[in-house]
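> Pasting the relevant annotations from Swiss-Prot:
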CARBOHYD  ASN43  N-linked glycosylation site
MOD_RES   SER484  phosphoserine
TOPO_DOM  1-10  topological domain 'Cytoplasmic'
TOPO_DOM  85-89  topological domain 'Cytoplasmic'
TOPO_DOM  111-117  topological domain 'Extracellular'
TOPO_DOM  142-152  topological domain 'Cytoplasmic'
TOPO_DOM  174-182  topological domain 'Extracellular'
TOPO_DOM  204-268  topological domain 'Cytoplasmic'
TOPO_DOM  290-303  topological domain 'Extracellular'
TOPO_DOM  325-330  topological domain 'Cytoplasmic'
TOPO_DOM  352-362  topological domain 'Extracellular'
TOPO_DOM  389-398  topological domain 'Cytoplasmic'
TOPO_DOM  420-428  topological domain 'Extracellular'
TOPO_DOM  450-494  topological domain 'Cytoplasmic'
TRANSMEM  11-32  transmembrane segment
TRANSMEM  65-84  transmembrane segment
TRANSMEM  90-110  transmembrane segment
TRANSMEM  118-141  transmembrane segment
TRANSMEM  153-173  transmembrane segment
TRANSMEM  183-203  transmembrane segment
TRANSMEM  269-289  transmembrane segment
TRANSMEM  304-324  transmembrane segment
TRANSMEM  331-351  transmembrane segment
TRANSMEM  363-388  transmembrane segment
TRANSMEM  399-419  transmembrane segment
TRANSMEM  429-449  transmembrane segment
Amino acid sequence: MGTTKVTPYLIFATSVAAIGSFQFGYNTGVINAPEMIIRDFLNYTLDEKLDEPPSRLLLTNLWSLSVAIFSVGGMIGSFSVGLFNRFGRRNSMLIVNLLAVIGGCLMGFCKISESVEMLILGRLVIGVFCGLCTGFVPMYIGEISPTALRGAFGTLNQLGIVIGILVAQIFGLEIILGSEVLWPVLLGFTIIPAILQSAALPFCPESPRFLLINKKEEDEAKQILQRLWGTQDVAQDIQEMKEESARMAQEKQVTVLELFRAPSYRQPIIISIVLQLSQQLSGINAVFYYSTGIFKDAGVKEPIYATIGAGVVNTIFTIVSVFLVERAGRRTLHLIGLGGMALCSVLMTVSLLLKDKYDTMSLVCIAAILIYVAFFEIGPGPIPWFIVAELFSQGPRPAAMAVAGCSNWTSNFLVGLLFPSAAYYLGAYVFVIFAVFLVAFFIFTFFKVPETRGRTFEDITRAFEGQAAEANKLGKGPTMEMNSIQPIETTTHV
């Protein structure tokens, strides 16, 4: 493999793709700040249409539906990433922006139309769009990035998400767009990134792996690689893709069921699912969904600004992980993140229990939340998204991304649905549940998750196939030793 460079073209292409991640983050966080204003809109609109004032239960259920329908749309969208093989990586991202525009228009005009249905339908449509983005973006970035930089560029997916959440928190302030007059603009803002990405995508390359392996366009794939990576010596990478293409020609199309049936796919798909669960069941979204209330319970006078502070920490440590992931490796960072979050979860529980007795415990709670967020962005935040693309070859990758994405969205939905009840009955002890999950995921990662830093897609696939073949001979399930994949030496210039 030749010397690769971080070229402006590579930065441009990955940044444009990451706008889809920004959309996911923005639409995840945008609904929280104007909650009371939207509840008033639901009350007023239904009061005008119904013969009698809407009940408190009906209003609560409609609000919950407005929030949760986003995750339902995400589940649907995540299982539709098969579009990637039909239309190509770049064109698929371009096409689905139509959903962002439709969803944004529905939400943006729901107030002037006095339509609760438009708000809920808009959240569903934008959820489908974001579900597609959670599959499209990490796959595209992984396929256009050099092996030596795949982890660093893969982290840009998570960076886009956290920047989106932070922008939503800031725009949601009452002095900006979170007011009774401008909240539809806050929800409809998602149209602008969609238009910007649609304008920029035609100037981005198609995935060279898709061109060579799926379309058999070797010359064009070679030219794109040379321009993206800033080197003429891409012969080894082209040869690796051709070998993978030959293997694909001998295999039948990989379905979701085949991922669980075939021994060579079973181990990596289980790892992919568990890593996605480790992200959501870590409790991060519970902390962000209800961070304002948590800070308020901890004694913070202006909790909304403390929540934004947590968003800033979120963004800073995502940037830190960009520089760490190719040095420390995926597995190591994930373990550090899980372990640190488990300790912080226990610390949050203790500090919330003792805050009324000791004033300093409020500061301890705030510090625990901020450190918890920092550990999340070191490992469980960015790594599960792009490591799925690394564990599979070109054939099963879209199906694997669909399964992993659906696992993430489903667990996200369940946490959002169940956390309020759990917090009501358990109080501060609710974070002990997340601590137990984090310890379990730490143990799984330590024994089952391989290091993929510096390895080609083909190398990783062969390692799993070798393990599966050996396991079949021994008559037991396939396993992957934690050190069975070691990084190769590469030269990279910035």
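Cβ coordinates come from backbone N, Cα and C, glycine included.
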> Contact between the transmembrane segment (183-203) and the transmembrane segment (65-84) is defined here as three or more C-beta pairs under 8 Å separated by at least 6 residues; is that satisfied?
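Judged by the Cβ rule, the two regions do not touch, with the required three close pairs absent.
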> As a quick check of your reading of DSSP, tell me how many residues in the topological domain 'Cytoplasmic' (204-268) are helical, how many are strand and how many are coil.
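Per DSSP, the residues of the topological domain 'Cytoplasmic' (204-268) fall into 47 helix, 0 strand, 18 coil.
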> For the topological domain 'Extracellular' (111-117), give me same-chain residues lying six or more residues beyond its boundaries with a C-beta closer than 8 angstroms to one of its C-beta atoms, as numbers and ranges.
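Non-local partners: 41-42, 45-46, 48, 62, 183-184.
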> State the count of C-beta atoms found within 10 angstroms of the C-beta of the residue listed as 'N-linked glycosylation site', not counting that atom itself.
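Around the Cβ of the residue listed as 'N-linked glycosylation site', 17 other Cβ atoms lie within 10 Å.
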> Please report, as numbers and ranges, the same-chain residues at least 6 past the borders of the transmembrane segment (269-289) whose CB is under 8 Å from any CB of it.
28-29, 32, 165, 259-260, 307, 310, 334, 338, 341, 345, 369, 372-373, 376, 380-381, 383-384, 387-388, 391, 400, 403-405, 407-408, 411-412, 415-416, 419, 423, 430-431, 433-434, 437-438, 441, 444-445, 448-449, 480
> Mind pulling out the one from 11-32, 118-141, 153-173, 183-203, 331-351 with the most Cβ pairs under 8 angstroms to the transmembrane segment (363-388)?
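Between the stretches 11-32, 118-141, 153-173, 183-203, 331-351, 331-351 has the largest tally.
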> Take every residue in the topological domain 'Extracellular' (352-362), average their pLDDT values, and give the whole-number result.
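In the predicted model, the topological domain 'Extracellular' (352-362) has a mean pLDDT of 84.
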> Establish whether the number of Cβ pairs under 8 Å between the transmembrane segment (118-141) and the transmembrane segment (331-351) reaches at least three, counting only pairs separated by 6 or more residues.
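Contact between the transmembrane segment (331-351) and the transmembrane segment (118-141): absent, because fewer than 3 Cβ pairs are under 8 Å.
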